[in-house]
Amino acid sequence: MRIAVICFCLLGIASALPVKPTSSGSSEEKQLNNKYPDAVATWLKPDPSQKQTFLEPQNSVSSEETDDNKQNTLPSKSNESPEQTDDLDDDDENSQEVNSDDSDDAETPDDSDHSNESHHSDESDEADFPTDIPTIAVFTPPFPTESTNDGRGDSVAYGLKSKSKKFRRSNVESPDATEEDFTSHIESEEMHDAPKKTSQLTDHSEETNSDELPKELTPKAKEESKHSNRIESQENSKLSQEFHSLEDKLDLDHKSEEDKRLKIRISHELDSVSSEVN
């Protein structure tokens, strides 16, 4: 607590002291200002006459430079005579002609070299690609893939078509074969296709039998259904007749009972009336 009180006291004393504005500048300038204030003021504010004295030599130097440039750019007509100018023109024309001749000479060997190169290239092309050797095109026919025709409705016709295609492909594969080779090839294919044909025929016969069986079964089923319908209708008619007969019997019984009751009532009434009369 004591330390805090001491610090607050010091801060209050420091804030109470007057603050002086700091003057900018070095110590030497401060001393000069204090000793010779008038001289410093005149040094900081020079006269306009002094400025003109400083600018005059600069203007003279720049004017001399511009004069030199003009003399260099403009041709001196007074020193040169018309004869000298003509000689200079002739020299220029001769130099241009010589330069053009040199350029033509330089271009001509290039053209000759280019023509020689083209000639050599034509000869090399002719040597590389001779036209005497005939070109033979190699033909590779696709190999046919055998597939079974089981389970097809048109298996017989499909087998005949595939057989004709095989014959054509065999002709394409062996164009130079003899007739004997061709006949042997056909016989081997027929022997190979014989079991396939028999299996195809059996499949076809089974399919036809399976088609005929449902055709035969359909009229029988229709007859049976008709017979069953007739029997049911007859039974229904019998049941309805029996039911009606029972209803009639019940009605008759009910009527008979009512008649009996009426008769009894009438008899009682007659008895009562007779008793009263007596």
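The backbone N, Cα and C atoms fix where each Cβ goes, glycine too.
Annotated signal peptide per Swiss-Prot: 1-16, in sequence order. Swiss-Prot lists 18-278 with the feature region 'Disordered'. Annotation source Swiss-Prot lists compositional bias 'Polar residues' at 49-63, 71-82. Marked as phosphoserine by Swiss-Prot on the basis of similarity to another entry: SER60, SER78, SER118, SER184, SER205, SER233, SER256, SER272, SER274, SER275 (among others). The feature phosphothreonine is assigned by Swiss-Prot to THR66, THR208 (among others). Annotation source Swiss-Prot lists compositional bias 'Acidic residues' at 83-110. Marked as compositional bias 'Basic and acidic residues' by Swiss-Prot: 111-122, 182-196, 203-235, 244-271. Taken from Swiss-Prot, the feature N-linked glycosylation site covers ASN116, and the record attributes it to sequence analysis. The O-linked glycosylation site annotation in Swiss-Prot covers THR131, THR140, THR145, SER205, SER272, and the record cites similarity to another entry as its basis.
Shown for the compositional bias 'Basic and acidic residues' (244-271): DSSP residue counts in helix, strand and coil, namely 28 helix, 0 strand, 0 coil. SER272 (phosphoserine) sits 59 Å from SER233 (phosphoserine), taking the Cα positions as reference. Residue pair SER256 (phosphoserine) / SER233 (phosphoserine) shows a Cα separation of 35 Å.
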